[in-house]
Amino acid sequence: MSAAAPVVELKQITKRFPGIVANDSISLTLEKGEIHALLGENGAGKSTLMNIVFGLYQPDEGSIEIGGKPVIIDSPNKAIELGIGMVHQHFKLVDPFTVTENIILGMEPKKGLKIDYKSAAEQVRKLSELYGLQVNPHARIHDISVGMQQRVEIMKTLYRGADILIFDEPTAVLTPQEINELMAIMKRLVAEGKSIILITHKLKEIMSISDRVTIIRRGKVIDTVKTSETNPNELAEKMVGRDVTFKVDKLDPHVGNTVLKLDGVNSKNKEGISVLNNLSFEVKSGEILGIAGVDGNGQSELIQAITGLRKIDSGSIIVEGKEIANLSPRKISEMNVSHIPEDRHKHGLVLDFTVSENMVLETYYKSPYNRNGFMNNEVIDKHAEELVQAFDVRTPSIHNTARSLSGGNQQKAIIAREIDKEPTLLIAAQPTRGLDVGAIEFVQKQLIAQRDQGKAVLLVSFELDEIMNVSDRIAVIYEGQIVGEVYPKDTNDQELGLMMAGGLKRGGKAGE
Amino acid sequence: MNKFKKIFATDSYIVPLVAILLGFLVGAIVMLIGGYDPIAAYGALFKRVFGSPYDFGEAIREMTPLMLTGLSVAFAFRSGLFNIGADGQVLIGMTAASLIGIKWAGLPLFLLVPLAVIGAGLCGGLWAGIAGYLKAKRGINEVITTIMLNWIALFLANYIVRTFLLIPGQNRSEDIPASISMTFLNSFFDNARLHWGTFIALAAAVFFYIYLWKTKQGFEMRAVGLNPHAAEYAGMNVGRNVMKSMFIAGVFAGLAGAGEVLGVFHYQAVFAGSPGYGFDGIAVALLGLTHPFGVILAAILYGMLTYGSAGMSFNADVPPELIRIVIGSIIFFIAAQGIVRWVLKPFYFKRKKEKVL
Ligand SMILES: Nc1ncnc2c1ncn2[C@@H]1O[C@H](COP(=O)(O)OP(=O)(O)OP(=O)(O)O)[C@@H](O)[C@H]1O
Ligand SMILES: [Mg+2]
């Protein structure tokens, strides 16, 4: 009988936070060797449930069985003891340490009083080989890519003997290439007898890799289905409770005057390496320009240059006829430039501020929010209330801290704030990262609505689908340079992929 | 630093209350082990503080600089800075007050007194501002610069007193004619050295609260303290806020210095070593969870304990240093909230409203 017992069984788990039931009597089983996907809208309670399994939260009601035995998981240490490992969306690594040092941290193999690095590195290398992880045990964390860092997180759990692995939105931060590699790694893991719970918003991934899917809506299990017996449309419908089209409907653009013009922009990083290399392009009012490119080719630096967060060495950046290169972020913001930053925790929000305070993070000093130097809280709260309503930000109250919101709702709060500023130029960096399909549809519609109102939109995204569906024109960035401009209808994924890899240059100006 | 910040900036008050009880308990256990009677000791401590009007007044005198240095550390903390330099800022404040009070003694008192107080605050602020400037413009960690500035302040203060204010043959300045003593209370408090600085401290706490949580500038400062990156992205000038915050923190500490020379001693001594106001201020700020009103309460407790400890040794024969163990344990229990929460667990379960750390 114990042979047939599922590796994890959650029974009627309920978890309440002030003002909200995050998990409402959730039951779920994970079989040995299975990849079980968790699907649900932003704020549905997926992370909360997994944090309970990993011992970070205690359930208010319900019980957990591991391998048929009832257990109480009151700390992550307990979870690790039970063979549970979790790869968090935000990595918990020590940057200046090497891969090996990070992996053994807290469980160092000893030789006398000293740490036995040699055998540790050897162990790390073996693990890496067994699962096809290909990490250099001696590299330092700050020198390796995000995808590699994630593998270090995976190895941390394996090193601690995890048989049950929880992945919370592992692909949100990865490039398409890295995603494929991760999928292969996961398959290797289950082939070796591990069991996996995978949280993701990407239906493609669920269809391609999972064995079963559990759909959660507003804290309740809607259904558990076999992946082979379902399809993306059905999943999306179960998840949001309505039809999702996946297609972005938009009218032809009415392109107007040039709003943003970059001309020969050069910038070097601290090491003196050129990160923006004679970069030029334009965005006109009423159009969405998509910047396609592999992560790390100058996208972040480009946005920093336009928003005043990075000094440029030469070239010009003109917004509505005015030179803005090297002006302060505040001055540029006041020229009606809005910015949805890539890293919402680090740059987009003050997590310990309330939702209400975050909504005026850039405009707090203006009337009516500021009245003779004092914060006008009544107006600020009313404003936040309106935005939360209009953009469907799910929070029990505007006085909750931004930290307590689910990842997707944090993103919606930022988007609400930036669009509310009525910008002439809207810069959106990875605006749909970590959002559920319903929310993605919503955000993309908002971007298109902005463009239809005659605003200029600059969209930076690693998602080719998003670039292809939303942009009116695409510029490909490679090593800090625009290597080509194309119209979505004149190109395809292959060609874009080739350009993004630096293998093809096309067109000075698209279609002209 | 971030974790540190989280621990000492929670706004729950149950934890500190329990931590205080546990601190007293630890002190009692240590006394028992050492063969002392804790009940007699604590009794003597409180009797010393509340036993006579004079002692009560003197206890208040003891609390006053603690309030201001505690506020100083707490204020900087709220914008993400660790001000170890309140000590030096107090010294600079003292020296400014003494200089003005003695050298401009020709002015009418109603001008001289406010000038000396304001001068002390300003100079304390500018002194702390040096650390703020170095942090903002050169990226030098304020912990290091404020510690260095403490030593510079000590020798600078002594140099000024020796060179310009000394009574020949003695190790102290001339008497300062400007005074903020509340002499009209002398008959009630038996000549305890009460002064207006206490009210300045209370006003500073109110200012702290209103400034940080009600004004535009406070909004900026809190944002910078909680997430400087997001603050920068939102267009705030992080460097300017760092300087401003250090300045205000320094003003608080400088005012503490004014209280000591204009209200208590009426002269300035040549210090052999660091007077220690600033370090007590760190403890008070942490004890008060870096909230202004918490700091005031913490300073009251801290002042009572230190002032009362003399009574402990006098009447119960317990070494006054023991009170340091009590204070240290209280701070330990506030930092190690896990222990306190564990003690509180049975109560929390009933309330079902657990807060997630
Ligand atoms: N520590 C907390 N305090 C208060 N409320 C919380 C806390 N953590 C989560 N919540 C709330 O619980 C609900 C579920 O959040 P959770 O993070 O589990 O969602 P999610 O399904 O992971 O969403 P996403 O896909 O956006 O990451 C949300 O409404 C959130 O605001
Ligand atoms: Mg989540």
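Yeah, the Cβs are placed from backbone N, Cα and C, and that goes for glycine too.
Among the features that TrEMBL reports, transmembrane segment is placed at B:12-36 (among others).
Under 8 Å from some Cβ of the transmembrane segment (B:56-77) lie the Cβ atoms of residues 5, 8-9, 49-50, 83, 86-87, 89-90, 128, 142, 185, 189-190, 192-195, 197-198, 200-202, 204-205, 208, 212, 225, 245-246, 248-250, 252-253, 255-257, 259-260, 263-264, 277-278, 280-282, 284-285, 287-288, 290-292, 295-296, 298-300, 302-304, 306-308, all in the same chain and six or more residues away from its ends. The transmembrane segment feature in TrEMBL is assigned to B:56-77 (among others).
The feature transmembrane segment is assigned by TrEMBL to B:89-106 (among others).
Per TrEMBL, the feature transmembrane segment maps to B:112-134 (among others). Long-range contacts of the transmembrane segment (B:112-134) within the same chain, counting only residues at least 6 positions beyond its ends with a Cβ under 8 Å from a Cβ of the stretch, are 72, 76, 81, 83, 85, 88-90, 92-97, 99-101, 104-105, 140, 142, 145-146, 149, 153, 176-180, 200, 242-255, 257-258, 262.
Per TrEMBL, transmembrane segment is recorded for B:146-167 (among others). Within the same chain, residues 82-85, 87-89, 91-92, 94-95, 98-99, 102-103, 127-128, 130-131, 173-174, 268-271, 273-274, 278 sit at least 6 positions outside the transmembrane segment (B:146-167) and bring their C-beta atoms closer than 8 Å to a C-beta of that stretch.
Taking Cβ pairs closer than 8 Å, the transmembrane segment (B:194-212) reaches residues 57, 60-61, 63-65, 67-68, 71, 74-75, 78, 117, 179-182, 185, 218, 221-222, 248, 252, 255-256, 258-260, 262-264, 292-293, 295-296, 299 in its own chain, all 6 or more past its ends. Residues or ranges marked as transmembrane segment in TrEMBL: B:194-212 (among others).
The transmembrane segment annotation in TrEMBL covers B:246-269 (among others). Within the chain carrying the transmembrane segment (B:246-269), a Cβ under 8 angstroms from the stretch's Cβ atoms is held by residues 61, 64-65, 67-69, 71-73, 75-76, 81, 83, 85-87, 89-98, 101, 113, 116-117, 120-129, 131-132, 135, 142, 157, 161, 165, 171-176, 178-181, 193-198, 200-201, 204, 208, 211, 277-278, 281, all 6 or more beyond its ends.
Positions annotated as transmembrane segment by TrEMBL: B:281-302 (among others).
For B:322-344 (among others), the entry in TrEMBL reads transmembrane segment. Sequence-distant contacts of the transmembrane segment (B:322-344) (same chain, six or more residues past either end, CB-CB distance under 8 Å): 7-8, 10, 14-16, 18-20, 22-24, 26-27, 30-31, 34, 36, 41, 45, 283, 286-287, 289, 302, 305-306, 308-309, 312, 357.
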- Note on the structure: Spatial neighbours of the transmembrane segment (B:281-302) not adjacent in sequence (6+ beyond its ends, CB under 8 Å) are 8-11, 13, 16, 20, 63-64, 66-74, 77-78, 84, 86-87, 201-202, 205-206, 208-209, 212, 253, 327, 330-331, 334-335
